[in-house]
Amino acid sequence: MSKFTLALVAGASAAVGAASTAALLGMGSSKKNIPSQTVTTTTTVGTSPTGTAPPLPVPIRRLDDPKAPFVPPVDPAGLFQYGFPGPVNDVRNAASLTSSYDRRTKNPHWVAEHITPASLLMRNGDRRHSAFEEDQAIPEKFRAKLKDYFRSGYDRGHQVPAADAKWSQEAMNDTFALSNMCPQVGEGFNRDYWAHFEDFCRRLTSYYPSVRIVTGPLYLPKRDPVDNKWRVSYEVIGHPPNIAVPTHFYKIIYAEDGKTGGNVSLGAFVLPNDKISNDKPLADFEVPIEAVERASGLDFVSLLPPARRKRLCQEVSCSVIVKEYDQRQKQMTTPPPAKGLPSPSQR
Ligand SMILES: *[C@@H]1O[C@H](CO)[C@@H](O)[C@H](O)[C@H]1NC(C)=O
Ligand SMILES: *[C@@H]1O[C@H](CO)[C@@H](O)[C@H](O)[C@H]1NC(C)=O
């Protein structure tokens, strides 16, 4: 009998009493009369010798018979008759992003996006026509709410930036669901260094025809100076407090060469959810992908053979670009040309 069948049997018989449930599962009767497994072997349904125990319709194992099939005396998976506890990952497939939501922290686990020179050239979406909204696909009990962020002191920080989804208003709207948000320090981070980092990612499309980015929160341990032990500590916002404020954020960047089965230049970065000075080199935040995988419990490149992996920061400068942000901004207003699309001057 499969675990699923067992659960069904247990569920069905809950209505007719614990004794018959136990009998159906071949476990003897319930608490009143714990069966001695060494005594009985029977396949017949009938009155027991004592006249009080319920019938045992299926054979139970004789411990003195090594050839008898083993019937476990307990059924932990019988819990599922009351519902599977989870976790449920709430995978979302929108036009501009794919994500997995963490019901415990009310933050995403990860949000994945894809940008190309052509997608960034299109200008059909404007963030002035988008509004932050709760993700109705998440059960109300687990949903991050607008009121939770209100006066929290934190920005509703896009994981997939709105600016990466200008190719359609609907696609941009997708990025405004709270399941794409984490509480982020505003000044000095979300509105500054983190925004520059997002811009760095967009500018990679000048060198690579296809760029994928996975972004998400981390809750990293810090050494306590008092007793020298490592602890994870993070703020929780909302009413009641329920949205975790991540200590860090990661981005995994996959810069593709555009060939089927081609090389992928990988970059992994972890930034603290804190003010970061603009003159800090981005390369300071580069980490091995494995470090992000360990910290997040996620796998990012399990199907990418090592022979196809390259290191992004060996191919492009991951430090200079942020320093040159102001000048680079100007260049970005004239995006790189894309095949098959009108140049910006023609639009
Ligand atoms: C985008 O969101 C805004 C605000 O919620 C809404 O008024 C508008 O209709 C949406 N546009 C599209 C194309 O879905
Ligand atoms: C991938 O990179 C290697 C060098 O690291 C190169 O020899 C190979 O030709 C590249 N593959 C493709 C498909 O460009």
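Using N, Cα and C of the backbone, Cβ positions are placed for all residues, glycine too.
TrEMBL annotations: computationally assigned, not manually curated.
Annotation source TrEMBL lists active site, proton acceptor at H158. Every protein chain shown contributes to the tally, and the Cβ of H158 (active site, proton acceptor) ends up with 26 other Cβ atoms within 10 Å. Reduced to three states, the DSSP call for H158 (active site, proton acceptor) is strand.
According to TrEMBL, the Mg(2+) binding site annotation covers N190. The C-beta environment of N190 (Mg(2+) binding site), restricted to residues of the same chain at least 6 apart in sequence and closer than 8 Å, consists of D155, G157, Q184. According to its DSSP assignment, N190 (Mg(2+) binding site) is helical.
Residues or ranges marked as compositional bias 'Low complexity' by TrEMBL: 35-51.
Residues or ranges marked as domain 'DNA/RNA non-specific endonuclease/pyrophosphatase/phosphodiesterase' by TrEMBL: 93-307.
Annotation source TrEMBL lists domain 'ENPP1-3/EXOG-like endonuclease/phosphodiesterase' at 94-307. On the 0 to 100 pLDDT scale, the domain 'ENPP1-3/EXOG-like endonuclease/phosphodiesterase' (94-307) averages 97 in this prediction.
According to TrEMBL, the feature region 'Disordered' maps to 29-55 (among others).
If you look up TrEMBL, you'll see 327-347 (among others) marked as region 'Disordered'.
Sequence annotations record features per position, and here TrEMBL assigns signal peptide to 1-18.
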